[in-house]
Ligand code: KIV
């Protein structure tokens, strides 16, 4: 079913039921206007902790706080009426214990109106995911390149090559067992992504993975050409809005300095007696 034909936002179970069907469409969003732009076209929108790098200029996602995720979640929620919203649990808000994860995930759900949370980790997060799901919090898992672990992964490298593929398969099986309704596969070899997709009963959402995944996600500022600090191989730029924005700002600066802006159509007449309106 296309997002435009849908009456209300899908639930996690609707997303799960799309396994093997028409690919799920998803993008990240951090603000109300961007959420409005994508609402009719996406099955779910992710308020990703990439917000830290994309909107706040942080060097990684590690400095993102729960308060930031809640604030951006609230903004995105106001822009959505068709797509489901998933909000990322930031670094340090869930890894300590299942109880810590529940306390913080419950805040995210209650204060943002999210349909689900996403957290990073496979086997290591199995118990936590099961704990949340059993207590009413739908969880999307995220395995492969998990940016919150760059310090132990040694950078933003492709994950699961060669023998490491077995561990990633084990991660996918663990999050499925724990009750996650979908799993993001980030930056893994195409053949491994296809194998995991065939193996697990929940939808796989690829980013730098394979067209054979059950859905795809991209960071919206990457695909619109708004985030230009670097471009990952897996990003396709569908527009160059960053370049266009800079041209617009340069034109404005030129016109202001030449006293061409504001023009007569942008200023107000004075209706006072004796003055031209
Ligand atoms: O934070 C994010 O944007 C993400 C996506 C890249 C999946 O987790």
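Glycine is no exception: its Cβ is also placed from the backbone N, Cα and C atoms.
Those TrEMBL annotations? Automatic predictions, nothing curated.
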Practice problem: Let me know which member of 19, 118 TrEMBL also records as binding 3-methyl-2-oxobutanoate at the site of 49, 50, 88. | Solution: 118
Exercise. Please tell me which one of the binding-site residues listed here (88, 118, 120) sits closest to residue 186 (active site, proton acceptor), measuring Cα to Cα?
Key: 120
Quiz item: Among the recorded positions 50, 88, 118, 186, which residue has the largest number of other Cβ atoms within 10 Å of its own Cβ?
Solution: 88
Exercise. Could you check the binding-site residues 49, 120 and say which one's CB has the fewest neighbouring CB atoms inside 10 Å?
Key: 120
